[in-house]
Structures are given as structure tokens and as C-alpha cells.
Amino acid sequence: MSSNSSVVVNNEKAQVSIRSVEKDSMASESNIEPSSSGKDSVDLKNNATLEKPTELPKLSSRATEKKADMSSFPSSNTSESNSVDSGCDLYNGKWFYDPQGPSYTNNTCPIITQMQNCQGNGRPDKEYENWRWKPSKCDLPRFDAKKFLELMRGKTLAFIGDSVARNQMESMLCLLWQASIYTLKLPVSWLNPLLHIEQFLGFEILEQWYVREWIVEVPQNRGNKRMQRWHFVSTSVMIVRLWSSWLVRETTEKIDFAPEGVTKLHLDAPDDKLMEFIPNFDVIVISSGHWFAKQSVYVLNNEIVGGQLWWPNGSPPMKVNNVDAFGISVGTILSSILTHPNYTGLTIVRSFSPDHYEGGAWNTGGSCTGKEKPLAIGELVENGFTNIMHEKQVSGFEHAVKKATSKSKLRLMDITEVFSYRHDGHPGPYRNSDPNKITKRGPDGKPPPQDCLHWCMPGPIDTWNELVLEIIRREFEGNRNSSS
């Protein structure tokens, strides 16, 4: 599907945006196999000051974001859902210290990617695991695995995007891994061979005769590097991770003056390998953005219009930079999903995940070493690249809303501003289990190699899935109420 969005870059502000992309580049992707290690109890000493909530100020961009989140869609079944949503803005609130700690540990979840296993990699502090998000006008409950599996019974949820999307998918699995189910154990003398055990379920009078054994359901894993599937048999819920770096069509063949081998992004066409699976999903959590800092060539209507870290001398002036290319890609993929004739599910757009490289980019000395708690009011340093990427994403979201069909459901999960305060939640130098790794600055002040893009598990990223559950609850329970 073609996008009518074509951005011409010919001003100084746009040129500054291009330079900022090179400065705030991304950490390298990782597909290292999971690992787990020991975890100590949380030290709550001297936390009196940490228990004070960290409340976020309202930024000028919030008006636009809220408008996008609360957009009405031409659907006959959304009125009740919108009335449910209207009571509380989930993205305006505060971080508070919760001594109860996380819902899981790196010991109780076996699928954490090594790079995100911060405790297993030797990170000495743990306070970053205890901060929780509280919307100003309502509560955001802890993730309830049983509630999620019941709401999603017989359905499939797919996380689509890059390694940060994979990070969120693994967080969801870790949270769901804590859901217990029970089996029944009865004395043989009480079992009638002609009577199925299922007939005993639900009869309280029999509780004196059987024992409930609570066990943790282990999902069945199917799939490969490109697409992973985890099946929870008890509720027939499927969690899917589908890799799509840019969300639009990617090719390497020669086009005009761009030689073979260089990645070409057709900004007006969705990722073909992604679209074939869309009808199989009931809920999609889609996200992207960080790969637009990598080398690529931008194509619109089969014409080269721009590039990132690639533009030969003597070439025509660029019309589209990487930030604008991101905005166009968002509009393209969301419009394609929302107009798909066989997709009637709920699409949740997770907004741009901020990185926290200070003093440089991921490959030029950027660092988040030593960050142990959320930023306080007044400490936040605006990241121009994060802000403009968020702005372009919201613009692409609004562009897609205008094309939504009567079967479409679209929601913006706007975490960008909220998580700008969580510079403490990244692995930093604790990216692997090497006991001899460098974790502190050298005598010359140079920081060690580190990851300030992905998120520790457990950690702040688990809040994303609490938000996902709340959005699903509002949508599904709202629709039930409207049909009753």
C-alpha cells in the first residue's frame, strides 16, 4: 500500500535532526541464549527518601499524544470502550518505590536473554527493580497472569518489531510464567473407574477429600529466530514474537544509483513477510524506530529519496532523512494493518523507547554507568532525537487512524515520556556474565562498553506489559459490557 506522506527536508532544523541520529545511535542487537544466576534479597535500608513518589511534569507534547490516544475510530463497537478509557490517562503520573519488589526474578524465569539478565550478570544494585508506575487518577494493578490468560483465552498476542520488542515479549513470558494452575489428587479408594475426575471440579463439599496441587504452567515453545511462538495449553493462549526491523519492505537489489547489497527500505510498502501472518493475530503490540539509525536507503514510488549513513557525493539533494522516514514507515505499516480485509484484532502501538546514552552514542563512549534510581523532577535532560522520533511516530499513528476501517481497533501506548525518567533500568556494563568484565570508568574517565537501550529483567519494562494488560482489559471488558 502506498503512503501519501512525502517529506521534503530543506531546512536547518531537519539537518540538525540528521546529525542527532548519528550521535544517539543504538546498541548492537543481541540474540544470545538465555541464562540465569543467583539473586539476593532486596536491601531496604536507607530507602526513606526513595519512597517519595517521582511525579512527571506535563510537557507541551502531551496534548498531541493524548489526542492520538483518545482518537475515535469509525467502529460500531468502540463507544463503550472509549467511555471506559476516558476515566484515566495511563501515561500521566509518577514513579514510586514499592518494597514488595518485582513479580519474578531472574531465577524464576528461564528465558531471559543474557544481555538483559542484569542480576545474573553481576549488577550489584537492585532498587531499579522496585519502582512502579502510578497514574495520577487511577491505579495500574500489578500484572495478573491469571487475568491476562483468561482475557486472552483462545487468542494470540504478537509482539512485532526489533530487539526491544523481543525484550518486551520476554518480559511478558516471565510475568506469565508466574501463573499457577492446579491439578487434583484423590485417594484411589475414592475414585470410581466409571467417573471422570472432571466431575469433581467445582464441588466444595469434596474439598475434604482431595488435595489441590498448585504448579506453574510451562508454555510450549515453537518457532525459530524470525518467529517464536509460546503456547499456554491450559487456556490456548499463544504469545508470538515476530521479527521486523523496520516494519516496511526491505530489499538489497540495485535501484538507480544505490548498488546491490545496501539495504533499501520501501517506505510506502509494508513488510511482506509480516503481513502474511496478520490475520492469525487477535492482539498486536507493534513498535520500531531504533534501526533507522543504521545504514539504509529510502525509496518512495520506486525513487530513491534519501538515506542514512549512505549518500554518495554528487547525488541529488536528499528529500527524506531518517527521522521522516520513520514517520512515513509508521503510517504505512499501521494503515496496512488497519485496512487488512482479514484482520479484526486490536493493535497497540508502543511508542518510541528512549535510550539513555550520556556523553556520546553507543559506539562513541555513551554511558549510563552507575544509574540506580529514576530521575527526579528537574533532572531530566531533553533528548532531541527521542523527542522528534516520538513526534514522527504519533504523526504516523494519526495518519493511519484516518484510514481505519469499521473493523479496526487501534490504541497508542505512549511510554516515551514516562520512561525518559528511567535511566536506571538499562543493563549498562552488565551485559554478560564474564566475571572479569570492566564495569567502571577507567583512570582516563572512559566508560566501559555498555547497553543503555535495552531494559533489565525484571525491571521497568515489566510496566509495559502491565499497560498492555490494562489496555486489553478495557477493550475486551468494555466490549462485553456493550454487548450485554
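Placement of Cβ uses the backbone N, Cα and C atoms for every residue, glycine included.
All TrEMBL annotations are machine predictions without curation.
Here's what TrEMBL has on this protein:
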type: COMPBIAS; residues: 1-11; note: compositional bias 'Low complexity'
type: REGION; residues: 1-84; note: region 'Disordered'
type: COMPBIAS; residues: 27-49; note: compositional bias 'Polar residues'
type: COMPBIAS; residues: 71-84; note: compositional bias 'Low complexity'
type: DOMAIN; residues: 87-139; note: domain 'Trichome birefringence-like N-terminal'
type: DOMAIN; residues: 140-470; note: domain 'Trichome birefringence-like C-terminal'
type: REGION; residues: 424-451; note: region 'Disordered'
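Listed as Cβ neighbours of the region 'Disordered' (424-451) (distance under 8 Å, sequence separation of 6 or more from its ends, same chain) are residues 27, 30, 32, 35, 37, 114-118, 120-123, 127-128, 131, 355-356, 359, 362, 365-374, 459-461. Residues belonging to the domain 'Trichome birefringence-like C-terminal' (140-470) score a mean pLDDT of 90 in the model. Counting residues per DSSP class in helix, strand and coil order gives 2 helix, 2 strand, 24 coil for the region 'Disordered' (424-451).
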